[in-house]
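Trainee: Structure below; questions to follow.
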Amino acid sequence: MSSFYDHTHTVFGHHKSKILNWIFSIDHKRVAILYLFTTMAFFLVGVAVALLMRLELFAPGQQFIDPDTYNQAFTLHGTIMTFLFIIPALPAIFGNFLLPLMIGAKDVSFPRLNLLSWWLYMAGASLAVFSLFWGEGFADTGWTFYAPYSSTTGTNVVMALTAAYILGLSSMLTGINFVVTIHRLRAPGMTFFKMPLFIWGSYSAAWIQILATPVVGITLILVVLERTLGVGIFDPSKGGDPILYEHLFWIYSHPAVYLMILPAFGVVSEIVPTFCRRTIFGYKSIAISSLLIAIVGYMVWGHHMFTSGMADWAKIVFSFLTFFVAVPTGVKFFDWVATMYKGSIVFKTPMLWVMGTIITFGIGGITGLVLGTVGIDIHVHDTYYVVAHFHYTMFGGVAFMLFAAMHYWFPKVTGKMYNEAKAKVSFYLIFIGFNVLWFPMFIAGFLGMPRRYFDYLPQFEIYHQIAGIGALITVAGIFYMIYVLIKGARKGEKAPDNPWGGTTLEWQISSPPPLENFATIPYVDFEPYMYKDGKPVIDISDQLKGIK
Amino acid sequence: MSVHGSTEVQKYAYDKNGKPHEIVDFADDYIGAKLGFWLFLFTEVMLFSVLFITYMFYLYNHQADFIEQSGGMNILLGGINTVLLLLSAYFMGMSLVSMKQNNVSKSKLYLILTIVSAIIFLTIKYFEWAHEFHIGIYPNSEKLLAMSQGANLFFGLYFTMTGLHAIHIILGIGVMLWVFTKMRNNSINSKHYIVLENTALYWDLVHLVWVFLFPLVYIIGL
């Protein structure tokens, strides 16, 4: 059976060159794989920069890099990880790959626009990399680019901001594409409440991409105008208000963390029923809570600015709204646990990752509530406590679920199986390393270790050293995981169409899927996640593959 | 322009009772194309909203300065431009209506009239800006820096907002020229006019932004 690796559609007709057939392909699965390789490459760069900082902080004083380089390093790390890795990772890789497969469509609504998004991503990424080697090097403002420092520092802020703007455009176009695809291309009969939950997560995330990204886009442009022309919207000497920058920045960047996590929650909702062999508990509540998180998440940005100067009543409103986000999130967690309850859980690697993330994201989420409390936030604001919280949610939530997805859909994407035992080892390595790396930061932060500092007092040395060891374990685990996956893709056993007993449509076609996915588009009058006696109830694979 | 590999496109899926249900073809979906463009316009609205909110915020803080500076603007030129854009939106709409009625030459004529009025708009805009530059008012100029903070913010926002709006006009002209070539080679016709329709929607947004910009810049100082 020929797969999408053998044939493709491109923008400019057929090419002889294999590379051109990839970078001009408008097939959603190929675009997804382009994103997979590029985002993972940047992830490794981000990891390398982080490791450099951890090694530098292993002892007080200067070891390898000077303070200015350190400032550039944490800016580079933050910019790469947010704009080049974690925002595009789940929507652009797995959203692209799975969206049409799960809703029974042949492609996304705008395949050319989809490819353009990847090209824009590459353009933004190249510009960011280029700015490393130009003039005074990469920006040293932190990935938040706070004014007025960002409009006065001598480093390449304009290039970094332009890159972020282009990346935002790419993310926005992906969002538009997904919303239209979900509205228009669901297979006949598939109502919104018959969609897989990963689609619900991607749908909510796509709306955030559409609504919030333009806000940060124009804000970054205003900083560019300030640096190049001296317009002065955020310049206090010209009457501008730097706090306004912080508001506008966080109006995007706080919803952005929900746009990162919502598809990750979707991944959990796919994996849990499959490995528990049970219908998911509270399908509708999970679906609607995704939308609720997206809506409420839009109104909580002020909690980043409790120490920046804001009316007390505004702080209380923002604090209360922040607590409220925990409600739909908690609904999801209880639904997942209720699904597991009395299920015959199969602990394959994807399920292990989910179990891991229920612990790490649980910690990350609850410490988020601590930070959302006005009084406590004044104490721990801009300390390692925030760094630890952020990584527990973003790495322990989003990246963990990206890794889970990489294992769960591995057979579907590659048509091969990875080595289960080795994959489990890589999970335990990363999980243990992760906790050793970031848990001490909660304590250090609570004791007063500020974030983004090049040097520290001797009493914090022990926490930095434990974290340094954790970093080494984590990095070893990441490389081992990548090795196991690459080896699986090259030399693994051939995968069956449905190795895990999944119920969504992508498991009922061949692995890897053929070009245009389905021989026949079905009429979907059934819900996902239906199991009986530990087996999926619906089997329409013959119809989908065109076998009469 | 099909991206389908197979020549045959499945049109219907059948439910249990054998009833046919239409399948939306992703390569030829009029409603999808329009929905996507509306979402894009939505992002544009968000983009300009940020600037309008910023304007509102600074107007609130520096009311007297804003009103004083607005009083010095040339309301005649701004007014002519407003009428011009309103006219151009009419031309654009008529171009679409004519295309739907299969009157291609009339549609082309109206599109050209739209382009011409957009160019006149930009020309007038150019003279306005040139005048301000001539008397020494531009971001970071000595004269402006010597003026009040409110004046700095007013002109900062004025140049940013009218500048961004002008960029949208320029992009619009580019798109309309592209649409014109598509009309000539008949890929936009009375059956497939979605590109023209979306261009018209875009043009309405550009003109709508100006409708709000005009009173904020020119009228509040009256």
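We count from 1, first residue shown onward.
Cβ from N, Cα, C; glycine included.
Bear in mind that TrEMBL entries carry predicted annotations, made automatically and left uncurated.
What TrEMBL records for A:16-525 is domain 'Cytochrome oxidase subunit I profile'. What TrEMBL lists as transmembrane segment is A:32-53, A:73-103, A:115-134, A:154-176, A:197-225, A:249-268, A:280-301, A:313-331, A:352-372, A:384-406, A:427-450, A:462-486.
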Trainee: At least three Cβ pairs under 8 Å linking the transmembrane segment (A:32-53) and the transmembrane segment (A:352-372), pairs spaced 6 or more in sequence?
Mentor: no
Trainee: Go through the chain and flag residues at least 6 beyond the ends of the transmembrane segment (A:197-225) whose CB is under 8 A from any CB in it; none is fine as an answer.
Mentor: 90-91, 94-95, 98-99, 102-103, 145, 147, 150-151, 157-158, 161-162, 164-165, 168-169, 171-172, 174-176, 178-179, 182, 231, 233-234, 245, 248-249, 251-253, 255-256, 258-260, 262-267, 269-270, 280, 283, 286-287, 290-291, 293-294, 297-298, 504, 528
Trainee: Who are the chain neighbours of the transmembrane segment (A:73-103) in space, where the CB to CB distance is under 8 Å and they lie at least 6 residues beyond its ends?
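Mentor: Hits for the transmembrane segment (A:73-103): 28-29, 31-33, 35-36, 39, 42-43, 45-46, 49-50, 52-53, 65, 114, 117-118, 121, 124-125, 128, 132, 138-144, 160, 163-164, 167-168, 170-171, 174-175, 178, 181-182, 185-187, 190, 195-196, 198-199, 202, 205-206, 209, 256, 259-260, 263-264, 267, 394, 398-399, 401-402, 405, 409, 413, 452, 504-506, 509, 513, 517.
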Trainee: Does the structure show the transmembrane segment (A:249-268) and the transmembrane segment (A:384-406) touching, where I'm treating 3 or more Cβ pairs under 8 angstroms (sequence separation 6 or more) as a contact?
Mentor: yes
Trainee: Can you check how the pLDDT averages out over the domain 'Cytochrome oxidase subunit I profile' (A:16-525)?
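Mentor: Averaged over the domain 'Cytochrome oxidase subunit I profile' (A:16-525), the predicted model reaches a pLDDT of 95.
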Trainee: Report, as numbers and ranges, every residue of the chain located at least six residues beyond the transmembrane segment (A:154-176) whose Cβ falls under 8 Å of a Cβ in that stretch; write 'none' if there are none.
Mentor: 72, 75, 79, 83-84, 87-88, 91-92, 95-96, 110, 113-114, 116-118, 120-121, 123-125, 127-128, 130-131, 134-141, 145, 205-210, 213-214, 216-217, 220-221, 223-224, 227-228
